[in-house]
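Database features (Swiss-Prot):
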type	residues	note
CARBOHYD	ASN3	N-linked glycosylation site
CARBOHYD	ASN14	N-linked glycosylation site
CARBOHYD	ASN20	N-linked glycosylation site
CARBOHYD	ASN25	N-linked glycosylation site
TRANSMEM	64-84	transmembrane segment
TRANSMEM	101-121	transmembrane segment
TRANSMEM	133-153	transmembrane segment
TRANSMEM	180-200	transmembrane segment
TRANSMEM	228-248	transmembrane segment
TRANSMEM	256-276	transmembrane segment
CARBOHYD	ASN283	N-linked glycosylation site
CARBOHYD	ASN286	N-linked glycosylation site
TRANSMEM	291-311	transmembrane segment
CARBOHYD	ASN344	N-linked glycosylation site
Amino acid sequence: MMNDSQVQLFQLYNYSVYSNGTISNFTNCYLINDEHTPIIESDGMIYNGQSCDSPVKSLASHGAVGIVTACFCFFLIPLLLVNIAKYWKGKPPLLKRRMEFIWITLLILALAVGGFAYIDVDRNLVQGAAMKIFSFTFQTALPISIAIIWHVISTYGFALYRQRIVVGKHAAHFSLDHWIFVVEYYAPIVFYVFNLMGFFLAALHPWTKVVRGDGNAATDGRFKASSVLLAIAWVFACAMFIVYSFVYKLDRRGRWVGMVIMMISILPRIVYQFLETWSFTLNASNVSVNAGLVFGLGFCPPLILAYTVCIYGWAVPSIAELEKEAIHEECRQRKRRTTISRDNSTRSTWGIGSEHDMQCLPPSYETMGPCEKEMKEETNEVEIASIESGEVRE
């Protein structure tokens with residue numbers, strides 16, 4: 001412990017000793033106990049000082065939650081890389097890439113950093129930088145998660161549109177002046193206004209009073225307004241899913257089930273945002289809060305969402321693959337119809353099925369698609385080869 005001369009020097013520079021084993025002048029704070037005893041010189045310089053927010057205590061429940069969260073984030077990276085390799089093949093322009101995976105990358109970063117910072121919450125005698133980092137990343141994870149849902153639903157809507165146009169041949173029903181295109185133009189602007197405002201109000205809040213345990217600062221109007229705005233952004237994203245389902249109809253492959261699971265997965269986190277905003281006892285920035293509550297309602301929903309999106313993206317074929325499959329199926333059907341028509345024409349030579357043949361005449365070459373042109377060229381080559389070999393039908 002300090003001798004009397006050291007105590008007088010500290011008091012000369014407005015330091016006060018507190019019962020929790022710290023000494024501070026409201027600018028600098030140091031631990032003072034048997035293991036950590038700061039030494040002050042006559043000029044005010046302090047040596048052997050251990051900052052109050054240094055992790056000196058043993059690991060506890062908050063640290064275990066942080067470690068588990070960080071591990072789940074690292075396990076998610078291989079799934080994310082598989083999806084990036086699948087959907088970014090050929091390096092498409094940035095605006096045409098699957099933006100949900102960019103947001104998932106940011107979500108992994110936020111949750112991992114927040115998890116590591118949460119480890120030191122129990123180990124710090126006085127909360128400081130670790131709690132600030134955790135609080136910032138924790139509040140950042142929710143708007144990022146809602147942005148992921150928005151882009152997944154947007155991609156789903158585009159997939160339904162391409163399915164109706166390419167596969168269903170309903171291009172005439174969706175002209176450029178259709179109201180859905182006007183909605184799709186303004187909807188992202190409205191969504192990001194609510195989502196970004198919710199982010200700026202909560203994540204960019206001054207954290208000094210919050211980490212010191214000021215319940216009024218942790219539940220002030222900024223956090224309440226942020227909760228409402230983020231909830232509106234989530235509802236708006238869900239509304240766009242309903243609009244897409246109404247206009248383009250539900251996907252027969254059952255992909256809409258994955259959309260519903262993703263939208264519901266983040267709902268507990270939104271509910272917890274309201275709970276912690278109106279009650280400091282449940283607030284994640286409160287060092288006394290139950291760590292299991294923070295993990296179950298704070299960390300788990302974004303992790304479940306990220307895993308669901310990555311597994312869904314890995315299991316479901318991409319839009320390009322669906323269009324390629326539709327084109328190949330169309331080619332097979334055209335070849336089958338051409339073969340049937342040629343067989344019927346052969347039988348009509350003997351007076352069989354002539355009326356049916358008149359209804360199955362192939363289209364002119366100018367109106368043929370690429371598959372029909374290919375079949376026509378193959379037929380001509382076969383007929384020329386038959387003539388040259390003398391195999392002409394009498």
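Any Cβ shown, glycine's included, is placed from N, Cα and C.
Between the transmembrane segment (256-276) and the transmembrane segment (133-153), three or more CB pairs separated by 6 or more residues in sequence fall under 8 Å, so the two stretches touch.
When the Cα of ASN286 (N-linked glycosylation site) is compared against those of the glycosylation sites ASN14, ASN20, ASN25, the shortest separation belongs to ASN20. Only pairs six or more apart in sequence are counted, and the transmembrane segment (291-311) with the transmembrane segment (180-200) gives fewer than three Cβ pairs under 8 Å, not enough to call it a contact. Listed in sequence order, TYR13, ASN14, TYR15, SER16 are the same-chain residues at least 6 apart in sequence whose CB falls under 8 Å from the CB of ASN25 (N-linked glycosylation site). Across 64-84, 180-200, 228-248, stretch 228-248 shows the highest tally of CB pairs under 8 A with the transmembrane segment (133-153). Listed by sequence, the residues of this chain that lie at least six past the ends of the transmembrane segment (228-248) yet keep a Cβ under 8 A from its Cβ atoms are 142-143, 146, 149-150, 153-154, 156-157, 160-161, 163-164, 180, 183, 187, 190-191, 194-195, 197-199, 201-202, 256, 259, 263, 266-267, 270, 273-274. Across the fold, the C-alpha of ASN20 (N-linked glycosylation site) and the C-alpha of ASN283 (N-linked glycosylation site) stand 23 Å from each other. Of all Cβ atoms in the protein chains displayed, 23 besides its own lie within 10 Å of the Cβ of ASN283 (N-linked glycosylation site). The most crowded of the glycosylation sites listed here (ASN14, ASN20, ASN286) is ASN286, judged by how many other CB atoms sit within 10 Å of its own CB.
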